[in-house]
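One structure is given below, encoded as structure tokens.
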Amino acid sequence: MRTLLTVGAVIQSSESWIDGPAHIVIEDDRIAALAAGPYAGPQSEFDLVIRRPHALALPGLINAHGHAAMTLLRGVGDDVPLFTWLHERIFPLEAKLTGEAVYWGTLLACWEMIRSGTTCFTDMYMMMDHAAQAAAESGLRAVLSWGMVGLDEASAEAGIRNTRRFAAAWHKAADGRITVTLGPHAPYTCPPAYLTRVAELSAELGLPIQIHLAETRQEVADSLARYGASPIVHADRCGLFAHPVLAAHCVHVDDDDIAILQHRGVRVAHNPQSNLKLASGVAPVARMRAAGVTVGLGTDGAASNNNLDMFEEMRLAATLHKGVHEDAAAIPAREAFAMATELGARAVFLPEGHGTLAPGQPADIVLLDMTSPHFIPPRDLLSHVVYAAGADDVTDVFVAGRMLMAKGEVLTLDTERIRYEVRRLVSLFSGSS
Ligand SMILES: N[C@@H](CCSC[C@H]1O[C@@H](n2cnc3c(=O)[nH]cnc32)[C@H](O)[C@@H]1O)C(=O)O
Ligand SMILES: [Zn+2]
């Protein structure tokens, strides 16, 4: 399959762009050519020609942390801090979830993510075969993990068993769009010996790990009291960082922690909106970046955000740290854009070069409408994307060369059905808890 896509401008990466008409040749799942100006050869070479003269093409956004099916719990537990939110509001409802609910909740998330220009998402949840099925059907790229909690023997064993089964069934599935990772939930739900077992399983299966780390001040205090070490030092001592790790949050980390993250190559998923909403704090992203830590951006689940819009995360990342440091140069637009694209790709263990538009890279492309007020007057396009644009400006989405959305219409999902099924399912479990 050969597709010719002509657009009005291209942002290839945070470092390079084409500020005028350009064309992209897509061959199967990859970009074969990308250059300024019209395509020189005959258009009859192509199976499909898509003309979008007013579109800005950019790399699809990468959501580096989330819990997709938590769309089902959107609006549950607003305005309470993490511990209360998790233990009193979320866990009791999650205990009632079924595979069917996870399936439809994940489809709802995929719909929302496609509409807002995300082409790859990360998920840590339960009954993940259902989530993977939904991800496969949506056409999105996905980095999935079965959440593991080791608070009692039975759930600890189930976590390992489910992860093994899930990896065997789904790693590299959906034409390679799905990657399986291991998902120990957090040091406060996974005892040290369990974390060590997960580290060993990572080596055995050759799969990376994602975990929540240092999210709240309380988590750090508890870790110091219990283990005499910060969550970062503790996770390192348990052997986790001998393997590729993506650590969500890292809000409360000191310079020693940051040095360990850098030295061990631990990636960080920064979730500014969730951290603000749960009143966890603001991660020291400027210091982590200065130290050379790879930082991606995530939404976290829709029960702590409460949406899955990566444009909001990009803008927050580019504004929040300026305010905190009283430094207008903290996390410039270019840096926030990189965190949502090429750095995000690295954070979620995709091959080098993913998250950019270049020949040889996957055709994961998002088109924005440059006739929108957000792009007028047309100055620095990347600045407009980060500081002005929003999900509403997204018109078309490609993943692995396939169109998931065309002119605002999602092609891969039956959105009417998703709306119906989610309403039906939520009425079953969210009555009284
Ligand atoms: N609870 C599951 C396994 C965990 S899946 C991942 C979990 O992370 C929870 N979660 C979502 N956001 C956050 C966060 O910001 N911090 C900690 N946990 C979170 C989410 O509600 C879900 O329960 C079990 O019983 O086996
Ligand atoms: Zn989370």
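Each Cβ is built from the backbone N, Cα and C atoms, and glycine gets one as well.
The model shown is predicted, which means the values in this text are computed figures rather than measured ones.
What TrEMBL records for His65, His67, His212, Asp300 is Zn(2+) binding site. Residues or ranges marked as substrate binding site in TrEMBL: Glu94, His185, Glu215, Asp300. Residues or ranges marked as domain 'Amidohydrolase-related' by TrEMBL: 57-403.
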Per DSSP, three-state class assigned to His212 (Zn(2+) binding site): strand
Listed binding-site residues with Cβ under 6 Å from ligand 1, out of His65, His212, Asp300: His212, Asp300
Arithmetic mean of per-residue pLDDT over the domain 'Amidohydrolase-related' (57-403): 97
Candidate nearest Glu94 (substrate binding site) in space, where candidates are the binding-site residues His65, His67, His212, Asp300 and distance is Cα-Cα: His67
In the chain carrying Glu215 (substrate binding site), residues 6 or more apart in sequence that have Cβ under 8 angstroms from it: Leu82, Ala186, Ala248, His249, Val251, His252, Asn275, Ser280
Cα separation, His185 (substrate binding site) to His212 (Zn(2+) binding site) (Å, whole number): 6
In sequence order, those binding-site residues of Glu94, His185, Glu215, Asp300 whose CB lies under 6 Å from ligand 2: Asp300
Densest Cβ neighbourhood among Glu94, Asp300 (binding-site residues), 10 Å radius: Asp300
His65, His67, His212, Asp300 excluded, remaining Cβ within 8 Å of their centroid (Zn(2+)): Gly66, Met124, Ala248, His249, Ala269, Asn271, Ser274, Gly298, Gly301, Ser304
Cα distance (Å, whole number) from His185 (substrate binding site) to Asp300 (Zn(2+) binding site): 13
The one of His65, His67, His185, His212 whose CB sees the fewest other CB atoms within 10 Å, among these binding-site residues: His185
Euclidean distance between Cα atoms of His67 (Zn(2+) binding site) and His185 (substrate binding site), Å: 11
Diameter of the substrate binding set by C-alpha atoms, the set being Glu94, His185, Glu215, Asp300, in angstrom: 21
